[in-house]
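Quick look at what Swiss-Prot lists:
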type	residues	note
BINDING	9, 10, 11, 12, 13, 14, 15, 16, 17	ATP binding site
C-alpha cells in the first residue's frame with residue numbers, strides 16, 4: 001500500500017488548495033472526492049433524477065458508471081464534467097445527493113479503487129472516517145464561517161460568477177448543516193485526525209505544518 005494522506009473539512013476550509021499543493025510538493029497523486037460527488041450529482045440531474053427519485057432508478061444510473069480523475073479534471077464515462085461542476089448549484093446538488101446511501105456506496109468504492117496502492121493525497125468530507133480509515137495521516141481543516149465565506153466569494157468571482165456575500169453565506173450554512181447532519185457518513189473529524197484551524201493561517205503555514213507531520217509519519 002502507498003502512503004495515503006486524508007484531508008477532510010467543511011466547504012471552503014482550504015482543502016482543495018492545500019491538498020493540491022501538498023501533492024505537488026510530495027510528488028503524490030491527488031484526488032478531490034468533492035469533485036467526483038459534484039460530477040455525479042450533475043450527471044444524475046441531467047438524467048432527470050433527483051435525491052427524491054426511487055433508489056432503484058438511481059442505482060441503475062450508477063451501475064455502469066466510470067469515473068476518471070486526471071490532472072484535476074473529472075470524467076464520467078469519458079465525458080469531461082469539470083466545467084459543469086464549478087457553479088454554486090452543483091455544490092448544492094452534490095450535498096443533496098451525497099445524503100443518499102446508494103450514491104455514497106458507489107462513490108466510496110470508486111474512490112478506493114482510484115487510491116489503491118498509490119502515494120496519494122485525498123480530500124473530502126469522509127476520507128479519514130470512511131473512504132480511507134487506515135490512512136497514514138489524517139488532517140481535518142476548519143476555519144471560521146466569515147473566513148470561509150470570503151474565500152468562497154473570491155473563488156466564485158475569480159471564475160466570473162456573479163454572487164453576493166449573503167448568497168455565499170447562505171450556501172455554506174446550508175451545506176454545513178446537510179454535511180454534518182446526514183445519516184450516512186456525516187462530516188466529522190476522525191478520532192486520530194490532526195485538527196488545524198486555518199482561519200488566520202496562510203496556505204504556506206498550513207502546508208509547512210502538514211509537511212512536518214508527513215515527515216514524522218514517514219520516518220516512524
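Keep in mind that glycine also has a Cβ here, set from the backbone N, Cα and C atoms.
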| message | Counting Cβ atoms within 10 Å of each candidate's own Cβ, which of the binding-site residues 13, 17 comes out highest? | response | 13
| said: With Cβ-Cβ distance below 8 Å and at least 6 positions apart along the chain, what are the contacts of residue 11 (ATP binding site)? List them in sequence order. | reply: 91, 148, 152, 171, 172, 175, 176, 179
| List of residues, in chain order, with Cβ under 8 A from that of residue 15 (ATP binding site) and at least 6 apart | 7, 8, 9, 34, 123, 124, 141
| Using DSSP, would you call residue 11 (ATP binding site) helix, strand or coil? | coil
| If the ATP site is taken as the center of the Cβ atoms of 9, 10, 11, 12, 13, 14, 15, 16, 17, which further residues of that chain fall within 8 Å of it by their Cβ? | 18, 123, 141, 143, 148, 151, 198
| request: Would you count the other C-beta atoms found within 10 angstroms of the C-beta of residue 9 (ATP binding site) for me? | output: 27
| request: With H, G and I counted as helix, E and B as strand and the rest as coil, say where DSSP puts residue 17 (ATP binding site). | output: helix
